[in-house]
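Taken verbatim from Swiss-Prot:
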type     : residues                                                  : note
BINDING  : 49, 50, 76, 77, 78, 79, 120, 183, 184, 185, 186, 241, 330 : chitin binding site
DISULFID : 5-30                                                      : disulfide bond
DISULFID : 278-342                                                   : disulfide bond
DOMAIN   : 1-361                                                     : domain 'GH18'
CARBOHYD : 39                                                        : N-linked glycosylation site
CARBOHYD : 345                                                       : N-linked glycosylation site
REGION   : 302-316                                                   : region 'Important for AKT1 activation and IL8 production'
């Protein structure tokens, strides 16, 4: 099974023990590590951070210790406007320029492939995304004729039914991609007026709106649309989503007044790294959604949906049962990468739990 792990370059800026550089990554933990994110400037792939080139090198040095490790560079992301992708992909010339710029950039910096993180293509972008994927793959095939190992091509795809229907020709893009990472962890956020889990494995009985909003539905839907199981990778989060409660109610459907308070290290409302959640759990009340098979915790007026070792192991068992290609983890730097927060003296407790299940016969 593949275990595809994202690393985010901005995690270097978190203070103190939250700061994560690629040398913190265990080279044997994942089969693939994806560096997020690269930029596009003048229609060519480019660095984003001032020190990206140094960090690329630090990451790719991990392959000295584990020569089997593959690394990919992800282009795009949430802060990269989807309309910028549209502009490049919709015109033959700019698309050509972008595609041509990719192999030399990846080779120069020691990457094994490219991950497309166009979040998210709109209705008009559907055929342009297909063309981009098809032409990028053709370029990778052409480039490998020189005798080098062919570059890998993957894509991160929304797990929401509406977004899938709108932006992706799944059957077509699947033919040209080496794997597809399904972002099965953004099903519920602080934009909702009530509490709910962002990464349930199955639908909840209580919640009519959750019929489509769970990993099981998304996986089944993708397979039905023509994604081959052996190319489909299921996303598992190492972060939680937090809410500020608007009343004393804490169960399903409890009203919220907004996102939860920012974490000490990640400093973003409504989101917490697993290592911050381990801190939060001291003195908190924990619960589990039996049907959705994911935990949540409350303390004061804060309500946090998250994943723990039990829930990620369940998800790993599920994807093995569905005979998928493997699991994807977002992100290594949000797991307890130092092993100092979650009390087991174990680095990357969630990612390791997934790895353990994938390794079981």
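Yeah, the Cβs are placed from backbone N, Cα and C, and that goes for glycine too.
Annotated features taken from Swiss-Prot, shown on the structure.
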residue : record                      : DSSP (3 states)
5       : disulfide bond              : strand
30      : disulfide bond              : coil
39      : N-linked glycosylation site : strand
49      : chitin binding site         : coil
78      : chitin binding site         : coil
120     : chitin binding site         : coil
184     : chitin binding site         : coil
278     : disulfide bond              : helix
342     : disulfide bond              : coil
For residue 278 (disulfide bond), list the number of other Cβ atoms lying within 10 Å of its Cβ atom.
19
Spatial neighbours of residue 76 (chitin binding site) among the recorded positions 5, 30, 39, 342, 345 [C-alpha, 10 Å]:
39
If we check Cα distances from residue 5 (disulfide bond), which of the recorded positions 184, 186, 330, 342, 345 wins as closest?
330
By DSSP assignment, list the helix, strand and coil residue numbers for the region 'Important for AKT1 activation and IL8 production' (302-316), in that order.
8 helix, 4 strand, 3 coil
Are there residues of the same chain, six or more positions away from residue 78 (chitin binding site), whose CB falls under 8 angstroms from its CB, and which are they?
119
For residue 186 (chitin binding site), which residues in the same chain are close in space, meaning a Cβ under 8 Å from its Cβ, but six or more apart along the sequence?
158, 159, 160, 198, 199
Quick check: of the recorded positions listed here (30, 49, 120, 184, 345), which one has the Cα closest to that of residue 39 (N-linked glycosylation site)?
49
Going by Cα-Cα distance, which of the recorded positions (49, 120, 184, 278, 330) sits nearest to residue 345 (N-linked glycosylation site)?
278
Compare the C-alpha of residue 49 (chitin binding site) with the C-alpha of each of the disulfide-bonded residues 30, 278, 342, and give the closest one.
30
If you compare CA-to-CA distances from residue 330 (chitin binding site) to each of the disulfide-bonded residues 30, 278, 342, which comes out shortest?
30
